[in-house]
Amino acid sequence: MGAWFWWMIFGMAVVTYIPRAIPLTFLEGRELPEAVQNVLRNIPYAVLGALIFPAVFFIQENVWFGVIGAVSAFAIAFAGANVILVVLGTIAILSVYGLWFG
Amino acid sequence: MQEHGFSSGLKAGASIAIGYFPVALTFGLLAKTTGLSLIEATAMSIFVFAGAAQYISLSLITAGVLPVLIVVNTFIVNIRHFLMTAALNEKMEPDARWKKALYAFGITDETFTVLATQPGDKIRTSFAAGVIVISYGSWVVFTSLGHLIGASLPAFLQASMSIALYAMFVGLLVPSMKGNRKVVSLALIAALFNSMFYFTGWLSTGWAIMVSTLASAIVIEMISRKGVAA
């Protein structure tokens, strides 16, 4: 790669940083309207829904990987396990599935 | 040492570090096959720290796309972070602007979800720093390692570990879902919107996640204010 690559990295770094930094710094100490605050409080749970579905089904070409993974993760999480156990447990289940049926 | 400070943050971010491991390793490997040197691949992870955008940039480099267009595309893919950091700002303790500008660099989909779903009222800056340090460390170190080793994990492990970040999202969501219809509806409606955008191809991934999230957050807020849900 030539010098252009470093200019590109610089550009990518700047445009990635802007959407991260502007709200956090600009909104500091400002009170948003109640209605906006309420919507913003909903964002984390909505984001999680959108981040999980439908992408989880396409982690491998074999769609069953995603289906079994999603079901396992929800089952382990509903059983009351903490996040790290959900992650490790789901990986373990898919490893077994992959070794036997992959 | 105070509670919910840096070391609690490191702990809370451990799932992200595990989830980034296979993704960063593969990125390092793909960067190598794309023709990036070890320094170049690592530098991208150090300065950009955005998984999806970095992956896309590799395929665009291979396709011979103009660098300036790769930068524009990176911006488009990351526009959703405007929404996430605006939401996160409501949850963070007030602090000096320079500190917020500093940790803003480390807000990804994953660090955002871990921070924003923490129980309790306000999150301390030191806690956020802990979550970010362990995630960023994993991303950068395993990018280099992927390039150095030039091979990925054994196939079965690579496949099973590709679930890690999704399992983490589920693990963050479920405790809030229990007994809370509003949270269930928020996640469900956003998932449906996002699936619709995916299968119709109406919006690219970055936009789809942002529009679905915002639409769900607004719709559910309007419904719950009328006292139907929640």
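Including glycine, each Cβ sits where the backbone N, Cα and C put it.
Just so you know, TrEMBL annotations never went through curation; they're auto-generated.
Worth saying up front: this structure is predicted, and the values here are computed from it rather than measured.
Ranges compared are B:92-110, B:206-224, and TrEMBL records transmembrane segment for B:206-224.
Among residues of the same chain six or more beyond the transmembrane segment (B:206-224), those with a C-beta under 8 A of the stretch's C-beta atoms are 52, 76-80, 83, 182, 185-187, 189-191, 193-194, 197-198, 230.
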